[in-house]
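Student: Below you'll find the structure I mean.
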Amino acid sequence: MDGGNQSEGSEFLLLGMSESPEQQRILFWMFLSMYLVTVVGNVLIILAISSDSRLHTPVYFFLANLSFTDLFFVTNTIPKMLVNLQSHNKAISYAGCLTQLYFLVSLVALDNLILAVMAYDRYVAICCPLHYTTAMSPKLCILLLSLCWVLSVLYGLIHTLLMTRVTFCGSRKIHYIFCEMYVLLRMACSNIQINHTVLIATGCFIFLIPFGFVIISYVLIIRAILRIPSVSKKYKAFSTCASHLGAVSLFYGTLCMVYLKPLHTYSVKDSVATVMYAVVTPMMNPFIYSLRNKDMHGALGRLLDKHFKRLT
């Protein structure tokens, strides 16, 4: 398995962050705990929003979809990683690796685009409150979400198809927790210039443009908030954006730690940074969006109260 060219029938070895059995046991329980917290947190957000008519608004519509994306994202990577940590067989098939890569790339892009749309929603709510209902109509919300999905699916498809033309030689040991694009490209022994060029071009379109849009939106939002004469209204306006700003900072901060570096400098140490955006960010989002949100507190309280009453 260590020599020759990559074929569809061959495999990769996902070695994870450590090959020490003792450390692997610790990592297993740590990632299992994080996975369960992520699943429970995001499922509760989705159920609370879908079951409470008071939360059937654009901002919560996009939040529910962000939670669904995060739920799908961790399920794409962590279960396989947990199996590998408990098993002596750490192999993942070529097809399995490409499938994992496709969903990973697509869902990161989708997360990014939904955060950009949520920034636009906050901009309209703060800067144009009188036009909010018409500017963020249900039809437009569905259209924006559909556009996010289409662009993300195409983005993932482009990079996965390009990866199929890459040849891998020598060791196929991946010192990572999942099949990550930069790691696979580093293992290639064929020309990856096209992959690299397309990665930069599509990355600018899918990530940099939405990120710039988020920055501009928040500059305008902060300007609008500073013009509000009442201190209490200023605080209320800022608090409605604080959770989204926290999620944006966590997402882009962890993403920059991994991807804002030359391809040839990618190292095993980057696996820790990858865990931040692949595991920690989806786990933290439910806490960020519900911690200081009274509407979400109320919806979660009513949801849990209703289910506890059914049990008693």
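Glycine too: its Cβ is placed from the backbone N, Cα and C atoms.
Quantities reported herein were computed from a predicted structural model and do not represent experimental measurements.
Among the features that Swiss-Prot reports, disulfide bond is placed at CYS97-CYS189. For ASN5, ASN195, the entry in Swiss-Prot reads N-linked glycosylation site. As annotated by Swiss-Prot, topological domain 'Extracellular' applies to 1-25, 80-100, 159-196, 260-271. The topological domain 'Cytoplasmic' annotation in Swiss-Prot covers 50-57, 121-139, 220-236, 292-312 and rests on sequence analysis. What Swiss-Prot records for 26-49, 58-79, 101-120, 140-158, 197-219, 237-259, 272-291 is transmembrane segment, and it gives sequence analysis as the kind of evidence.
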Student: For the topological domain 'Cytoplasmic' (50-57), what are the same-chain contacts with Cβ under 8 Å, counting residues 6+ beyond its ends?
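Tutor: The answer is 64, 295-296, 298-299, 302-303, 306.
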Student: Is the count of Cβ pairs under 8 Å between the transmembrane segment (140-158) and the transmembrane segment (58-79), pairs 6 or more apart in sequence, 3 or more?
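Tutor: Result for the transmembrane segment (140-158) with the transmembrane segment (58-79) is yes.
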Student: Looking only at the topological domain 'Extracellular' (159-196), what is the model's average confidence as pLDDT?
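Tutor: Average per-residue pLDDT within the topological domain 'Extracellular' (159-196): 85.
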Student: Short question: which residues 6 or more past the ends of the transmembrane segment (26-49) have a Cβ under 8 Å from it?
Tutor: 16-18, 55-56, 60-61, 63-64, 67-68, 70-71, 74-75, 78-79, 81-82, 85-86, 279-280, 282-283, 285-287, 289-290, 296, 299-300, 302-303
Student: Per DSSP, what is the residue tally for the topological domain 'Cytoplasmic' (220-236) in helix, strand and coil?
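Tutor: Split by secondary structure, the topological domain 'Cytoplasmic' (220-236) comes out as 13 helix, 0 strand, 4 coil.
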Student: 10 Å Cβ neighbour count around CYS189 (disulfide bond)?
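Tutor: I get 12 for this one.
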Student: Please report how many Å separate the Cα atom of CYS189 (disulfide bond) from that of ASN195 (N-linked glycosylation site), as a whole number.
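Tutor: That comes out at 13 Å between the alpha carbons.
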Student: Look up CYS189 (disulfide bond) in the DSSP assignment and report helix, strand or coil.
Tutor: coil
Student: Near the topological domain 'Cytoplasmic' (121-139), which residues from the same chain, at least 6 beyond its ends, have a CB less than 8 A from one of its CBs?
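Tutor: Distant contacts of the topological domain 'Cytoplasmic' (121-139): 58-59, 62, 217, 220-221, 224-225, 237, 240-241, 244.
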Student: For CYS97 (disulfide bond) and ASN195 (N-linked glycosylation site), what Cα-Cα distance in Å is obtained after rounding to a whole number?
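Tutor: Here the two Cα atoms lie 17 Å apart.
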Student: Is the topological domain 'Extracellular' (80-100) packed against any residues at least 6 beyond its ends, judged by a Cβ distance under 8 Å, and which are they?
Tutor: 1, 6-16, 24-25, 27-28, 31-32, 35, 160, 163-164, 177-179, 184
Student: Look up CYS97 (disulfide bond) in the DSSP assignment and report helix, strand or coil.
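Tutor: Once the DSSP labels are grouped into three classes, CYS97 (disulfide bond) ends up as helix.
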Student: Helix, strand, coil: count each for the residues of the topological domain 'Cytoplasmic' (292-312), based on DSSP.
Tutor: 18 helix, 0 strand, 3 coil
Student: Out of these recorded positions, CYS97, ASN195, which one has the fewest other C-beta atoms within 10 Å of its own C-beta?
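Tutor: Among the recorded positions CYS97, ASN195, the lowest count of other Cβ atoms within 10 Å belongs to ASN195.
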Student: What does DSSP give as the helix, strand and coil breakdown of the topological domain 'Cytoplasmic' (121-139)?
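Tutor: So the topological domain 'Cytoplasmic' (121-139) is made up of 16 helix, 0 strand, 3 coil.
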